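Trainee: I'd like to ask you about the structure that follows.
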Amino acid sequence: MAGNERMIRGRVIAAHGRHYQVELDDGQLRQCYTRGKKSGICVGDYVDIEIQGQEEGRIERIHERRNLLYRSDEMRAKQFAANVDQLLIVVAVEPLFSDDLTGRALAGAFSADISPVILLNKSDLSKGLPLARARLAEMAALGVPVVETSTLHPDALRDTLLPLLAGKTSLLLGQSGMGKSSILNILVPDARADTQAHSLALGTGKHTTTSSRLYHLPDSQGDLIDSPGFQAFGLKHLGQTEVEQGFPEFAPFSQHCRFYNCTHRHEPGCGVLEALEKGLINDKRHELYMRILAESTAPQKY
Ligand SMILES: Nc1nc2c(ncn2[C@@H]2O[C@H](COP(=O)(O)OP(=O)(O)OP(=O)(O)O)[C@@H](O)[C@H]2O)c(=O)[nH]1
Ligand SMILES: [Mg+2]
Ligand SMILES: [Zn+2]
């Protein structure tokens, strides 16, 4: 195995264009690159690298991923994080978050088999808190944990979140200005991630955080990935079955659909539509399902 002597395993903790920062199993950091132009490598990937010189390395192999998340811009969906155990969907009392985006993030988590948790941040802004809670009731009803946090109360924030994060790779995801990096800075004091008032961030037309990065919680209590504010969650690549997996509350009813390949849009004898009619499925959730399905660019099987 002479040729493999210098092959070492590591995890991608940051990606900038075609440059990757890889943390080796012994904690050493290496600046890495790939042979080809398009690598598809993203934060969270486990890779084998060949050591080059003192500080660099070349990525030779990506280990099989447990899961992969996409975000999308106007043009296309991009891979942005791999091997994530838990999606922390960060919303805030102010600026008020988008229901549609939150629902999509939830569908993305469920379809990738990642457990979602909603963090309702800025809970110190008590005036808007009841409205924010009411808007999340629909998701809480699905059994998704909703955890209230405030970065003005760092001790309480640590006490609430650290047990949830232990032993897992969690991803902070949410719109710009919700407080993702502020939360990270409390949990990982040496992260020193930039944070900014939302109005300032909007003024420059830029998000404060510009690329995803993986951090270690103190005392090996888990890993946390911070990501730039998102406008759209990449779901277009999902096929009908995967979109349906994004709505786990349909499952008990879709068993009763007349057709095994029912898409729950207009078919006769559809268990999901029947449940919708009876008010057992939330109509806003079904509308979101229809929108995501209509946008799907995956080849239709039926
Ligand atoms: N009142 C209050 N303000 C907060 C809280 N958490 C964050 N903020 C403020 O919200 C603003 C945005 O915080 P960031 O942490 O930069 O938000 P972000 O989600 O990382 O934003 P992007 O990096 O652009 O995606 C900053 O001015 C923070 O000080 C909170 O719990 N309460
Ligand atoms: Mg940020
Ligand atoms: Zn059906």
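Note that Cβ sites are derived from N, Cα and C of the backbone, with glycine treated the same way.
If you look up TrEMBL, you'll see 72-233 marked as domain 'CP-type G'. Look at TrEMBL and you will find 82-231 tagged as domain 'EngC GTPase'. According to TrEMBL, the feature GTP binding site maps to Asn121, Lys122, Ser123, Asp124, Gly174, Gln175, Ser176, Gly177, Met178, Gly179, Lys180, Ser181, Ser182. Under the heading Zn(2+) binding site, TrEMBL lists Cys257, Cys262, His264, Cys270.
Situate these features within the shown structure.
Mentor: For the domain 'CP-type G' (72-233), the model gives a mean pLDDT of 89.
Residues in the domain 'EngC GTPase' (82-231) partition by DSSP class (helix H, G, I; strand E, B; coil) as 57 helix, 31 strand, 62 coil.
Long-range Cβ proximity for Ser182 (GTP binding site), meaning a same-chain Cβ under 8 A and a gap of 6 or more residues, is found for Asn121, Thr151, Thr195.
In this view, Cys262 (Zn(2+) binding site) is surrounded by 21 other Cβ atoms within 10 Å of its Cβ, with every protein chain counted.
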Trainee: Let me spell it out: for each of the binding-site residues (Asn121, Ser176), count the other Cβ atoms within 10 Å of that residue's Cβ, using every protein chain shown. Which one has the most?
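Mentor: By the 10 Å Cβ neighbour count, Asn121 comes out on top.
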Trainee: If I take the Cα of Cys257 (Zn(2+) binding site) as reference, which of the binding-site residues Ser123, Gly174, Ser176, Met178, Lys180 has the closest Cα?
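Mentor: Checked the binding-site residues Ser123, Gly174, Ser176, Met178, Lys180; minimum Cα distance to Cys257 (Zn(2+) binding site) goes to Gly174.
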Trainee: Nearest of the binding-site residues to Met178 (GTP binding site) by CA-CA distance, picking from Cys262, His264, Cys270?
Mentor: His264
Trainee: In sequence order, what residues of the same chain, 6+ apart, have a Cβ less than 8 Å from the Cβ of Lys180 (GTP binding site)?
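Mentor: Val90, Leu172, Leu173, Gly174, Thr209, Asp226, Ser227, Gly229 - these are the non-local Cβ neighbours of Lys180 (GTP binding site), listed in sequence order.
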Trainee: For Cys270 (Zn(2+) binding site), just count the other CB atoms lying within 10 A of its CB, please.
Mentor: 21
Trainee: I'd like to verify something. Among the binding-site residues Asn121, Met178, Lys180, Cys262, Cys270, which ones have a C-beta closer than 6 angstroms to some atom of ligand 2?
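Mentor: Among the binding-site residues listed, those whose Cβ sits under 6 Å from ligand 2 are Lys180.
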